[in-house]
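See below for the structure under consideration.
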Amino acid sequence: MPKYYCEYCDIYLTHSSPVGRRQHNQGRKHISAKIEYFQNLLREEGITPQNFLGFLGNQGYNNTLANPMMNNFMPGNYNAYMKYNPMRNYHHSNRNSNYQHSIGMHNNKYSRAGYVPPGSNKYPNNHFHNNKRINNIPKPYNNYTNKPITNSSYKNDKQDYRNNNESNDNMNSNNFSNYQVNKENANFVNKNNEQPN
């Protein structure tokens with residue numbers, strides 16, 4: 001069985017198995033040799049980090065691997081979002097130029113997969129499933145919903161005074177007497193509820 005040759009490290013591996021290759025590829029020496037190999041290759045071509053995108057020309061604008069931060073959302077490109085969440089990158093055919101910015105998909109340092117910018121909603125609203133009730137049928141009013149209470153047995157006289165336009169000049173004597181009765185009943189109940197010593 002032929003031995004595996006690593007062209008970055010310029011050695012033959014003693015164990016030519018998938019496990020041995022993976023272990024070698026994850027090693028410190030292999031990674032440093034790979035970095036050095038590509039640095040030498042770029043140096044020979046005269047490419048520096050400053051002119052790297054200019055060297056690619058139009059190829060960089062059509063290749064998400066060569067230019068991932070600038071071109072995540074260009075039409076026709078398959079990016080990391082499409083694999084796990086195909087609806088996130090859905091574009092309408094009649095979108096305007098500000099469509100990307102209106103839904104929060106910016107081409108900046110926050111546009112990488114899985115990163116949530118500070119202060120943003122981690123789970124954005126789903127525009128395709130806004131209807132919370134089936135067929136838009138409203139909830140029925142029953143004992144378990146928040147139906148407003150209209151007929152209460154006891155009304156606060158201050159609230160009545162503010163809300164009742166007919167009795168703005170003088171307080172309704174019935175409400176005032178109810179307040180006195182309720183106050184007396186409360187004292188009476190409190191006196192009866194006191195425990196003897």
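One is the number of the first residue shown, and numbering goes on along the chain from there.
Glycine is no exception: its Cβ is also placed from the backbone N, Cα and C atoms.
Remember, it's a predicted structure, so these values are computed and weren't measured experimentally.
Note on Swiss-Prot: of 4-36, 37-69, the range annotated with the feature zinc finger is 4-36. Mean model confidence of the zinc finger (4-36) amounts to 90 (pLDDT, 0 to 100 scale).
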